[in-house]
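See below for the structure under consideration.
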Amino acid sequence: MIVGVVLAKNAQKAVEKIKSGEADLYEVRLDHFSSFDGLEELEPFAPNLIFTFRSYEEGGRREASDEERLRVYKRVLELYPAYVDVGLNSGIAERVVKEAREKRVGVVLSYHNFEETPDFWELLGVVKAMEALEPDVMKIVTMARSLGDNLRIARLYEGRENVVAFCMGSLGRLSRLISALLAPFTYASLDEEAAPGQLTVEELRRAIEVVGDGR
C-alpha cells in the first residue's frame, strides 16, 4: 500500500488533497497545520488516515510543546483513524501509545535521522527500543550518504513483517522501492516532497509495476 503525505495548513485543505489523491492511505502532517479548527471534517476519511504531529526535533514544521501535541493527538484519536504516528524519542510517545490502545487505534512508532544512516547494530537498537512499546508498525527513516546505506537499512526487514524502513535523499531512492515491496506500506508525495528524495504516488506505482512485471 502507498501512503500519500498530506501537507496542508488546515483540515479543509487536507480534505481537498485527500479527495484528489490516488493513494491507499494518507498521512496527515498535523505539524503543518496553522489551525486545528474543523478537525471533524476529516472523520469520513479516518479509516484511511494516519495522523502525526512531529516535534520540531523530528523534522516537524513548527515548534510545539509536548502538551500541545498530546492534546491534538487526543482530538484526532476521537476520529478513530487507521493509525497515529508518534516519534520514539518524543516526550509523549508512551502516552500517545496508551491513548491509542484505549481507542483501539493502530500505532506507528517512528524514528528519523536526518544526518546519516547509523551502523546496523545501532539501527537494531532502535528496533529493540520500539519493540518494547509494542507498536503495530515500526518506521525507521535515515539519510542515505552512500548507496550501501540502502542495503543496510533493508536488513531490518529480515524476520519482521511490521517494519517500514527506508532512506531519504537522492541516494536513498532504491530503499524506497525496496520498502514498497517489503513493508506493510510506504510513503509518497501528493504534490510536494515531505522528505528529500521522496517519490510521487504515480512514480512509486509505476516503479512497483515495472518490478512486478519482471518477476
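In case you wondered, yes, glycine gets a Cβ from its N, Cα and C as well.
Annotation source Swiss-Prot lists 3-dehydroquinate binding site at GLU27, VAL28, ARG29, ARG54, ARG176, GLN198. Close to GLU27 (3-dehydroquinate binding site) in the fold, though at least 6 residues off in sequence, lie VAL3, GLY4, VAL5, VAL6, LEU49, ILE50, PHE51, THR52, ASP85, TYR187, each with a CB less than 8 Å from its CB.
Positions annotated as active site, proton donor/acceptor by Swiss-Prot, on the basis of sequence analysis: HIS112. Around the Cβ of HIS112 (active site, proton donor/acceptor), the same chain contributes GLU58, GLY59, GLY87, VAL141, THR142, each under 8 angstroms and 6 or more positions distant in sequence.
The secondary structure of LYS139 (active site, schiff-base intermediate with substrate), as reduced to three states from DSSP, is extended strand. The feature active site, schiff-base intermediate with substrate is assigned by Swiss-Prot to LYS139, with sequence analysis given as support.
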What does the structure give for the C-alpha distance between LYS139 (active site, schiff-base intermediate with substrate) and ARG54 (3-dehydroquinate binding site)? Integer Å is fine.
13
Could you find out if DSSP has ARG54 (3-dehydroquinate binding site) as helix, strand or coil?
coil
DSSP-derived structure type at HIS112 (active site, proton donor/acceptor), helix or strand or else coil:
strand
Other CB atoms, at most 10 A from the CB of VAL28 (3-dehydroquinate binding site):
28
How many Å separate the two farthest-apart Cα atoms among the 3-dehydroquinate-binding residues GLU27, VAL28, ARG29, ARG54, ARG176, GLN198?
21
